[in-house]
Amino acid sequence: MPQYKLTYFDLRGWAEPARQLFHLSHTPYDDVRIPMADSEKSWEKLKDSTPFGQLPVLNVDGKFDIPQSAAICRFLARKFGYAGKNEQEEAWADAIVDQYKDFSVAFKTLIFAARAGKPQDEILKIRYEIFNPSRDAYFEILNGILEKNPSGYLVGDGLTWADLVIADNLHSLEKLKAMDDDNEMHQNLKKYKERIYSTPDLEDHIATRLDSEV
């Protein structure tokens, strides 16, 4: 069996869907987490040894590193059977994750502004002029896909890595109070997230993981 080491900060963040893929497939791996309290010092020591100067990084058998969260998840999904059942499904799973990555630009802009301690009026400007329009377009696309698919999944009739990526992002948005209780589309997506999180072999991981803000 291949030996896997996944390195990331002590957050859900970009590494969480990969952790879920390991858990779903019952595959042992070394979950290396850089503590946030010591992240700057520890990360500076590690940064130059990573392929792109970023985390997460997945090492396989001590022989090669895979950078970038989407590449890591796609690699694991193909290994473990969560990439899609044919080429068309694989392409759609990729496309949905790419759509999420487009939205994540606005998402990160808002998060980083808040973490940097920007003035409240600047944060509100980002929320209403950048984040909210991007979120609404993203949610409309997701809802449209789910409405057309009676299986309850985003792709085909089974769980794919796209469901893991999207559900975890929806969880982050819910924790950040970016989903409205009186908006039917938002509530539909919350229900979708709960369906994914109630997947057998995933529930115990969700219940016991470190549930950081993002």
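Keep in mind that glycine also has a Cβ here, set from the backbone N, Cα and C atoms.
In TrEMBL this protein carries:
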{"type": "DOMAIN", "residues": "2-84", "note": "domain 'GST N-terminal'"}
{"type": "DOMAIN", "residues": "86-214", "note": "domain 'GST C-terminal'"}
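Averaged across the domain 'GST C-terminal' (86-214), the predicted model reaches a pLDDT of 95.
Here the domain 'GST C-terminal' (86-214) has, by DSSP, the following mix of helix, strand and coil residues: 93 helix, 0 strand, 36 coil.
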